[in-house]
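Q: Summarising the annotation, Swiss-Prot assigns active site, proton acceptor to TYR158 and lists similarity to another entry as the type of evidence. The NADP(+) binding site annotation in Swiss-Prot covers 13-18, ARG38, 63-64, ASN90, TYR158, LYS162, 191-195 and is backed by similarity to another entry. Swiss-Prot lists SER145, TYR158 with the feature cholate binding site, giving similarity to another entry as the kind of evidence. Positions annotated as site 'Transition state stabilizer' by Swiss-Prot, on the basis of similarity to another entry: SER145. Swiss-Prot lists LYS162 with the feature site 'Lowers pKa of active site Tyr'.
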Amino acid sequence: MNKLENKVALVTSATRGIGLASAIKLAQNGAIVYMGVRRLEATQEICDKYKEEGLILKPVFFDAYNIDIYKEMIDTIIKNEGKIDILVNNFGTGRPEKDLDLVNGDEDTFFELFNYNVGSVYRLSKLIIPHMIENKGGSIVNISSVGGSIPDISRIGYGVSKSGVNNITKQIAIQYAKYGIRCNAVLPGLIATDAAMNSMPDEFRKSFLSHVPLNRIGNPEDIANSVLFFVPSEDSSYITGSILEVSGGYNLGTPQYAEFVGSKVVE
């Protein structure tokens, strides 16, 4: 028996990258997975492809920028399945061209990022938790970022918003543990998604990797495996409010780490 058999999951922003990898991973373990997306036709093609492998993936319309859509999406899933056992809040956005340091960054962009990155977690969790209470339990996994725990010289809005995701994870965990609901967060480092690879020059990636002890860029499967760990109750039944960095050790080294390794003192 698959560990997630008869479980119903929702993964937001699931057409590619971390969201798609997480949706597939949950489906491979027996879950009925709804993929919250804007591109229904393209996602249906993905679902049809994996249906041949016996996976149950279903597209459902989700636009994180349209607040009215949130309830419609949840109502659709509840109508179809009667419950939601698992929520993976994968949606997240950035505005690097306007989200700079405190003085030079755009103020409207700062609050926009907070509204969508934290607000999407808040709104979806607020809608789904009552159903989880009725179902006597559930698991929420929020996809945050190492940027939420490590300050940057730029992107203040993104960092603060992801820090907010980390905090709301703990708030949900402590407030709803008595109902059998667990909430944890996964904090990716540099992950080889199309969005990341297309926006980062080689020089930056090389510099970033010099601060990663495991000396490789992560892949969406690394994050999906962490999501899977947090979801089934038998694997992580005593874990809630956890903030797990999946970054190859990026937050372990001192600022001198790259220079230290480069000097070949460590071989």
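Using N, Cα and C of the backbone, Cβ positions are placed for all residues, glycine too.
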Q: For SER13 (NADP(+) binding site), which residues in the same chain are close in space, meaning a Cβ under 8 Å from its Cβ, but six or more apart along the sequence?
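A: SER13 (NADP(+) binding site) has long-range Cβ partners GLY19, GLY36, VAL37, PHE62, ALA64, ASN90, PHE91, GLY92.
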Q: If we check Cα distances from SER145 (cholate binding site), which of the recorded positions ARG16, ARG38, LYS162 wins as closest?
A: LYS162
Q: Below 8 Å Cβ to Cβ and six or more residues apart, same chain only. Which residues does that give for LYS162 (site 'Lowers pKa of active site Tyr')?
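A: Spatial neighbours, sequence-distant, of LYS162 (site 'Lowers pKa of active site Tyr'): GLY92, ASN117, SER144, SER145, GLY147, GLY148, LEU187.
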Q: Measuring Cα to Cα, how many Å separate ARG38 (NADP(+) binding site) from TYR158 (active site, proton acceptor)?
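A: Each residue's Cα considered, ARG38 (NADP(+) binding site) and TYR158 (active site, proton acceptor) end up 22 Å apart.
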Q: Using DSSP and collapsing to three states, where does ARG16 (NADP(+) binding site) fall: helix, strand or coil?
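A: In three-state terms, ARG16 (NADP(+) binding site) counts as coil.
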Q: Looking only at C-alpha atoms, tell me how far ARG16 (NADP(+) binding site) is from TYR158 (active site, proton acceptor), rounded to the nearest Å.
A: 21
Q: Fewest neighbouring Cβ atoms within 10 Å: which of the recorded positions ARG16, ASN90, TYR158?
A: ARG16
Q: Using a 10 Å radius around its CB, how many other CB atoms surround ARG38 (NADP(+) binding site)?
A: 16
Q: Tell me the Cα distance separating ILE191 (NADP(+) binding site) from the residue listed as 'active site, proton acceptor', rounded to the nearest angstrom.
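A: The Cα atom of the residue listed as 'active site, proton acceptor' is 16 Å away from the Cα atom of ILE191 (NADP(+) binding site).
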